[in-house]
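Colleague: Just passing along the structure, written as structure tokens.
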């Protein structure tokens, strides 16, 4: 849901951040001669996107009257770095300064402003420019804040839900939805100061098919991303029709092909099995012929062997019996 206070808050931050977008500082040699009207101390919060160039300006004081210019840089967790320029000797001096990306914008006698070539998260901190002149001291103080654009992802979830995520942004991104839904947001802070925001929303209304996730951040403005919702039971039915039915049809086709192959193989084997009895019958023919031919011999041999065994007992009845057997 879009909230007015969130939108206003973003707008205010953008206005504060305009200063960081300046590419040049006022010409110190064209400032008013009456420096008494200049504020002695100015505090400014500066927002710079990571990877961009930052330019921090000293007070608009005529350099012809400058005695000493000093930049004091206090980064988180580090000792203060001091960069100074002495006008009478034109000497520069550095103390506890190791970051080579932080330098003078030009030669100090022409432009004592400070520049950071590529802003990183470790450059967050306090930057102070002090200018000493015969009339007093003037100071510009900057609280430098680094902006990190988040990586945005969005995707549909289950049961008519949608997820929108802004990963590792600084400051934390704001996420809203159109139309409104039942939403839950979760923030996860990281050790480097960035924040991941994850918003999950659910819509009961079946007529809502497309929703919009709006991600608001200082570096990117408002991004509107569309997400197509699933249709619950209709979606399951669609998945069933789309995936399951074609699979079943493919299985049926494969089964029919297998059955046709099996049936064809059986038909090919049937003539071979029908010819087998003929072969067996042909193989048995010689044995059958031999038996028929050998039976008379067997009978003759049996008769011949029976006659000698009966010769010692031949009498009237036995002779008739033997004669009958011989016939």
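Including glycine, each Cβ sits where the backbone N, Cα and C put it.
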Colleague: Among the residue ranges 240-260, 261-281, 282-302, I'd like the one that Swiss-Prot describes as transmembrane segment.
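Modeller: It is 240-260 that Swiss-Prot describes as transmembrane segment.
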Colleague: According to Swiss-Prot, N-linked glycosylation site sits on which of 35, 192?
Modeller: 192
Colleague: Of the residues 159, 315, give the one that Swiss-Prot describes as N-linked glycosylation site.
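Modeller: Of the listed residues, Swiss-Prot records N-linked glycosylation site for 159.
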Colleague: Do you know offhand how many angstrom separate residue 183 (disulfide bond) and residue 96 (N-linked glycosylation site) by C-alpha?
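Modeller: Approximately 50 Å lies between the Cα of residue 183 (disulfide bond) and that of residue 96 (N-linked glycosylation site).
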Colleague: Taking 10 A as the limit, how many CB atoms besides its own sit near the CB of residue 183 (disulfide bond)?
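Modeller: Its Cβ shell of radius 10 Å holds 17 other Cβ atoms.
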Colleague: Spatially, and counting Cα to Cα, which of the disulfide-bonded residues is closest to residue 187 (N-linked glycosylation site)? Options: 58, 81, 129, 164, 201.
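Modeller: Closest by Cα: 164.
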Colleague: Among the disulfide-bonded residues listed here, 81, 164, 213, whose Cβ has the fewest other Cβ atoms inside 10 Å?
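Modeller: Each of the disulfide-bonded residues 81, 164, 213 was scored; lowest Cβ tally within 10 Å is 81.
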